[in-house]
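Trainee: Positions annotated as signal peptide by Swiss-Prot, on the basis of similarity to another entry: 1-24. Taken from Swiss-Prot, the feature N-linked glycosylation site applies to ASN28, ASN45, ASN62, ASN101. Annotation comment: Swiss-Prot describes CYS48-CYS84, CYS70-CYS104 as disulfide bond, evidence class similarity to another entry.
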Amino acid sequence: MGLTSQLIPTLVCLLALTSTFVHGHNFNITIKEIIKTLNILTARNDTCMELTVTNIFAAPKNTTDTETFCRATTVLQQLSTHSCSNKLLGGLHRNLKTMANMTCSVNEVKKSTLRDFLERLKAIVQRKYYRH
(Lines of atoms letter the chains of each structure in order from A; the text may use other names.)
(Lines give C-alpha, C1' and ligand atoms only; values in the text may rest on other atoms or scores of the structure.)
Protein backbone atom coordinates (compact mmCIF):
# COMPACT_ATOMS: atom_id res chain seq x y z
CA MET A 1 0.00 0.00 0.00
CA GLY A 2 2.85 2.39 0.82
CA LEU A 3 4.47 1.84 -2.57
CA THR A 4 1.26 2.77 -4.42
CA SER A 5 0.88 6.04 -2.52
CA GLN A 6 4.47 6.95 -3.45
CA LEU A 7 3.98 6.09 -7.12
CA ILE A 8 0.90 8.22 -7.70
CA PRO A 9 2.62 11.64 -7.38
CA THR A 10 5.50 10.40 -9.54
CA LEU A 11 3.15 9.18 -12.26
CA VAL A 12 1.18 12.45 -12.18
CA CYS A 13 4.42 14.44 -12.63
CA LEU A 14 5.51 12.22 -15.53
CA LEU A 15 2.13 12.63 -17.18
CA ALA A 16 2.31 16.43 -16.85
CA LEU A 17 5.81 16.53 -18.32
CA THR A 18 4.80 14.28 -21.22
CA SER A 19 1.81 16.44 -22.14
CA THR A 20 3.99 19.57 -22.11
CA PHE A 21 6.52 17.88 -24.38
CA VAL A 22 3.82 16.71 -26.80
CA HIS A 23 2.21 20.18 -26.91
CA GLY A 24 5.56 21.84 -27.61
CA HIS A 25 6.42 19.23 -30.23
CA ASN A 26 3.04 19.67 -31.97
CA PHE A 27 3.47 23.45 -31.87
CA ASN A 28 6.84 23.17 -33.64
CA ILE A 29 5.43 20.85 -36.30
CA THR A 30 2.42 23.11 -36.90
CA ILE A 31 4.44 26.31 -37.14
CA LYS A 32 6.94 24.66 -39.51
CA GLU A 33 4.06 23.49 -41.73
CA ILE A 34 2.62 27.01 -41.74
CA ILE A 35 5.96 28.52 -42.77
CA LYS A 36 6.46 25.90 -45.50
CA THR A 37 2.96 26.52 -46.86
CA LEU A 38 3.44 30.30 -46.78
CA ASN A 39 6.76 29.93 -48.63
CA ILE A 40 5.07 27.91 -51.38
CA LEU A 41 2.10 30.28 -51.65
CA THR A 42 4.16 33.49 -51.72
CA ALA A 43 6.43 32.08 -54.44
CA ARG A 44 3.46 31.74 -56.79
CA ASN A 45 2.89 34.13 -59.64
CA ASP A 46 -0.76 33.58 -60.49
CA THR A 47 -3.76 35.88 -60.59
CA CYS A 48 -5.08 34.54 -57.28
CA MET A 49 -2.25 36.31 -55.46
CA GLU A 50 -3.78 39.60 -56.61
CA LEU A 51 -7.12 38.94 -54.92
CA THR A 52 -8.25 41.67 -52.55
CA VAL A 53 -8.56 40.60 -48.91
CA THR A 54 -9.11 42.40 -45.62
CA ASN A 55 -5.94 43.96 -44.25
CA ILE A 56 -5.91 42.56 -40.71
CA PHE A 57 -2.47 44.05 -40.14
CA ALA A 58 -3.93 47.56 -40.01
CA ALA A 59 -5.13 46.65 -36.49
CA PRO A 60 -3.55 48.27 -33.41
CA LYS A 61 0.07 47.41 -32.68
CA ASN A 62 -0.81 45.80 -29.34
CA THR A 63 -2.54 42.89 -31.10
CA THR A 64 -1.25 39.54 -29.83
CA ASP A 65 -0.01 36.77 -32.12
CA THR A 66 -3.02 34.67 -31.17
CA GLU A 67 -5.39 37.48 -32.20
CA THR A 68 -3.48 37.90 -35.46
CA PHE A 69 -3.73 34.17 -36.19
CA CYS A 70 -7.43 34.26 -35.36
CA ARG A 71 -8.03 37.17 -37.73
CA ALA A 72 -5.94 35.49 -40.44
CA THR A 73 -8.07 32.37 -40.00
CA THR A 74 -11.19 34.47 -40.53
CA VAL A 75 -9.80 36.00 -43.74
CA LEU A 76 -8.82 32.57 -45.06
CA GLN A 77 -12.28 31.24 -44.18
CA GLN A 78 -13.80 34.03 -46.28
CA LEU A 79 -11.65 32.84 -49.20
CA SER A 80 -12.82 29.23 -48.90
CA THR A 81 -15.72 29.74 -51.33
CA HIS A 82 -13.60 31.56 -53.91
CA SER A 83 -12.41 29.74 -57.01
CA CYS A 84 -8.81 30.44 -56.00
CA SER A 85 -9.18 28.46 -52.80
CA ASN A 86 -7.02 25.34 -52.86
CA LYS A 87 -5.57 22.65 -50.61
CA LEU A 88 -2.67 24.86 -49.54
CA LEU A 89 -4.95 27.67 -48.39
CA GLY A 90 -7.22 25.11 -46.71
CA GLY A 91 -4.27 23.55 -44.88
CA LEU A 92 -3.01 26.98 -43.86
CA HIS A 93 -6.47 27.80 -42.53
CA ARG A 94 -6.60 24.58 -40.46
CA ASN A 95 -3.11 25.04 -39.02
CA LEU A 96 -3.72 28.69 -38.10
CA LYS A 97 -7.01 27.71 -36.51
CA THR A 98 -5.17 25.35 -34.15
CA MET A 99 -2.72 28.14 -33.28
CA ALA A 100 -5.51 30.66 -32.59
CA ASN A 101 -7.86 28.28 -30.79
CA MET A 102 -10.66 30.89 -30.77
CA THR A 103 -13.03 32.69 -33.13
CA CYS A 104 -13.05 36.37 -33.93
CA SER A 105 -14.46 38.88 -36.37
CA VAL A 106 -12.67 41.04 -38.89
CA ASN A 107 -14.07 44.54 -39.37
CA GLU A 108 -11.23 46.42 -41.02
CA VAL A 109 -12.07 48.57 -44.01
CA LYS A 110 -8.56 48.59 -45.44
CA LYS A 111 -7.72 46.01 -48.08
CA SER A 112 -4.56 44.42 -49.42
CA THR A 113 -3.67 41.76 -51.96
CA LEU A 114 -3.56 38.12 -50.96
CA ARG A 115 0.18 38.18 -51.70
CA ASP A 116 0.78 41.07 -49.26
CA PHE A 117 -1.43 39.39 -46.66
CA LEU A 118 0.51 36.11 -46.93
CA GLU A 119 3.92 37.87 -46.91
CA ARG A 120 3.10 39.79 -43.73
CA LEU A 121 1.63 36.70 -42.11
CA LYS A 122 4.80 34.77 -42.99
CA ALA A 123 6.97 37.40 -41.29
CA ILE A 124 4.87 37.20 -38.11
CA VAL A 125 4.89 33.39 -38.04
CA GLN A 126 8.66 33.28 -38.62
CA ARG A 127 9.19 35.75 -35.77
CA LYS A 128 7.07 33.58 -33.49
CA TYR A 129 9.01 30.46 -34.54
CA TYR A 130 12.39 32.04 -33.79
CA ARG A 131 11.16 33.37 -30.42
CA HIS A 132 9.82 29.98 -29.41
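Keep in mind that glycine also has a Cβ here, set from the backbone N, Cα and C atoms.
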Trainee: Taking just the CA atoms, what is the gap between CYS84 (disulfide bond) and ASN45 (N-linked glycosylation site) in Å?
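Mentor: A Cα-Cα distance of 13 Å.
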Trainee: List the residues of the same chain that sit at least 6 positions away from CYS48 (disulfide bond) in sequence and have their Cβ under 8 Å from its Cβ, in sequence order, or write 'none'.
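Mentor: Looking at Cβ-Cβ distances below 8 Å from CYS48 (disulfide bond), excluding near sequence neighbours, one finds CYS84, LEU114.
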Trainee: Neighbour count first, Cβ atoms within 10 Å, every protein chain included; then name which of CYS70, CYS104 tops the list of disulfide-bonded residues.
Mentor: CYS70
Trainee: With an 8 Å cut-off on Cβ-Cβ distance and a minimum sequence separation of at least 6, pull the same-chain contacts of ASN101 (N-linked glycosylation site), or say none.
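Mentor: Set apart from ASN101 (N-linked glycosylation site) by at least 6 residues yet with Cβ under 8 Å, we have THR66.
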Trainee: Measure the Cβ-based neighbour count of ASN28 (N-linked glycosylation site), defined as the other Cβ atoms within 10 Å of its Cβ.
Mentor: 12
